[in-house]
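Engineer: Here it is, the structure, as structure tokens.
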Amino acid sequence: MSKTLLPLIKKPLKPPSKPSLHRRTRSLADYVAQTLKTRHSNPHWEQTLEETFPHDAEHLAPVISLLPDADCALAFFDWARRHRPLECTESPHPLAYSALLRVLARSRRFPEIELALRAMRDLEIAPTGDALSDLVAAYSDSGIEDKALEVYRVMREQGGFFPDVSDCNCLLKLLVNRGRCDIALKVYDEMVKRDGGADNYSTCIMVRGLCTEGRMEEGKKLIADRWGVGCIPNVVFYNTLIDGYFRHGHIKEGYRIFREMQLKGFLPTLVSYGIVINGLCKKGRLAEISRLLSEMKARGVRPNVQIYNNLIDFQCKYGSVVQAKAVLRKMIADGCEPDVITFNVLISGFCREGKVREAERLLREAIGRGLGPNECSYTPLIHAYCQIGEVAVALTLLVEMMDKGKKPDLVTFGALIHGLVVVGEVKEALAVKEKMIERNVNPDCEIYNVLISGLCKKGMLPYAKKLLAEMLDQNVMPDEFVYATLIDGFIRNENLSEAKKIFEFMGKKGIRHGVVGYNTMIKGYCKFGMMNDAILTMNNMRWDGFFPDECTYTTVIDGYAKQSNIDGALRVLGDMTKRRCQPNVVTYSALINSYCQKGDTETAEGLFKDMHIQGLSPNVVTYTILIGSFLKSSLVVKAGAFFENMLLNKCCPNDVTFHYLINGLTNNIACFTSIPGQNLKKHSELGILDIYRNLITDGFDHKTAAYDVIIFCLCKYKMLRKALELREKMIKKGCLPDSVTFLSLLYGICVEGNSEEWNGILSFQFQPNELEIVFRYKSLLDQHISQSVSSEASRVLQSLLEESMLS
């Protein structure tokens, strides 16, 4: 509706008031409604109305208002228009149009409303204020903001009318929900200026809207303007303010108002507690949460499902999934039924911690309780199963999800594609991409990036370029990360020329390379030893407005280090620190590697100590470089000490570390015969060298002995899974596990508190003399293990001894 559709509003004519009018109108309306119901089967319905409906116009508008639905009202109005002329301006007939508008507004028949308004404009008939007020409510409730505001303004500016308070509230609610608080405030101010134009609900809507936008002080001012400074009328307004403060992270102020509410005699409701607990959960404030739960229990207020869901989410993020599951069990025990959100939070938490089987058990429990799992239930599971390489299970879950009528969305497909790429199933990931397109779910830039990355890692570069072309055809604009992935792919596959072409193509198309793009190209130049080009690209990076970061400097330092150009590496390090870019663990590892390659292990060790001073924790690469270098220089004592330090700091070794240790120990047998055992033990509390010396002295195979001492060290420091993996690799290398391997792994099981389950992890098929070797070496290994673990291992071994004696 606009000014062209609506003439200047004038005061409409009002029907004369008669005492018997209402009773007679009701009877007429019932009769008309019954007649209209037969209009599709009775060809004479119009004649029936003609004979029975009075010719005077005073009943027309009231009858239309009382008809049961919009279709009846339209049919009757059409009949009246043809059989009862409406053009006479002296008659009350214009009210019939407004009555029809009100019926259409209640039924949300907007196309018919527009037609009626157009007809009124042509006849120069003005709608009544009540009709326009109903239109404001109808447009507002249906989310048609522009029409609602237009009708409101026309009423105010042309007719001097004001919508009913409840209809104005509909408009306020729409504007607030759309984030149009400033416009809503203008409407509210106009309502307040008119006597009786705003009620408590109007103020509540506005306060809620302002608090949603973080404007709590303005909300408090609205309350003060209406009821006085410091006067908050009821719990609803308190809850609204408290929610605003907690939602926007103002925990202290929100909690203060929560306590102020109680001091002023208002008891917190379940909603009040829910708001505060939700806010505290997001900040990890366990102490305050516990106090509130105790307070609720004392007052007999039982937490609802929303509060329990927040507590479970809190435990998943700040506690543990085990504690989160305990909350679920307490929730059920207290008679509060979990909903699908409860299980979704738990499933997501268990998947994040890698406990995917337990997560799936929770899904089955949810289904068993009659809950309908949704996309958020299945997506974490699909992703988690893909991450552990169980793609078949992930696909089964996807099929199950679709069988239950849940459509996989971009997130679900993205999780599956990412998981498939991670485990190297790139072709299957591409097939999933085709399936999602068939289902009208278009891949986004991130999914294409994952696929291109997977193709590059597989060396399938032509397919990666083809996928880039597909992106452009589908109007999915590649970002700097997609191009960087493709550049990196060509560099990994030794094709620097093609990588340069893509890098230059970005510049020609006006696509900024960004820090990631520049770093990728610099990495390529460094890989191929083209350090001048790397430095030139780093300078161009600055000219383009991007500052080199830790990755940039570290890549260049590593490039110089690999060329044994320590001066170049130190020069870049100086520039790095001058520009206040702090070296990280990778930077130090590159420098340490450079010195180790030159045989300067002393300087390398000094850098290692400097890392600790700078608050940096060495990673597996750092330790492995040093251990390998020490062993290469026959510094077995230092190598053993660094391996000990590595495990003490919970840094898990990798295959390269094991390779260096096994070869280093076996190639330095002379060191163990020339250095006294007491001296070796002094330098290594773990006893790795002392134990190894004893094993080779007793005639054990040198390589098997090396595996044994490494497995023992892993087990001592709760790395049982890694120790079991190393045992499998040991077998593949042709070294059979022996009695010391068994003993070391038994210690590992006891360290983790699983001594009762040892026979489900280890198999015992030793001869009696081998069991004697276990007991003999136990006394040596016990020197490096706690008393409690030793006792548990002794109990298991004693039972084995008794069984062997019986047999």
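Every residue gets a Cβ built from N, Cα and C, even glycine.
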Engineer: TrEMBL tags one of 1-23, 24-46 as region 'Disordered' - which one?
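Structural biologist: Here TrEMBL associates region 'Disordered' with the stretch 1-23.
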Engineer: Could you give the residue numbers and ranges of same-chain residues that sit at least 6 residues beyond the repeat 'PPR' (374-408) on either side and whose C-beta is under 8 angstroms from one of its C-beta atoms?
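Structural biologist: Residues 340, 343-344, 347-348, 351-352, 354, 356, 359-360, 363, 366, 415-416, 418-420, 422-423, 425, 428, 436, 439, 441.
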Engineer: DSSP on the repeat 'PPR' (339-373): how many residues come out helix, how many strand, how many coil?
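Structural biologist: Split by secondary structure, the repeat 'PPR' (339-373) comes out as 26 helix, 0 strand, 9 coil.
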Engineer: Across the repeat 'PPR' (703-737), what are the DSSP residue counts per state (helix, strand, coil)?
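Structural biologist: Counts, helix then strand then coil: 27 helix, 0 strand, 8 coil.
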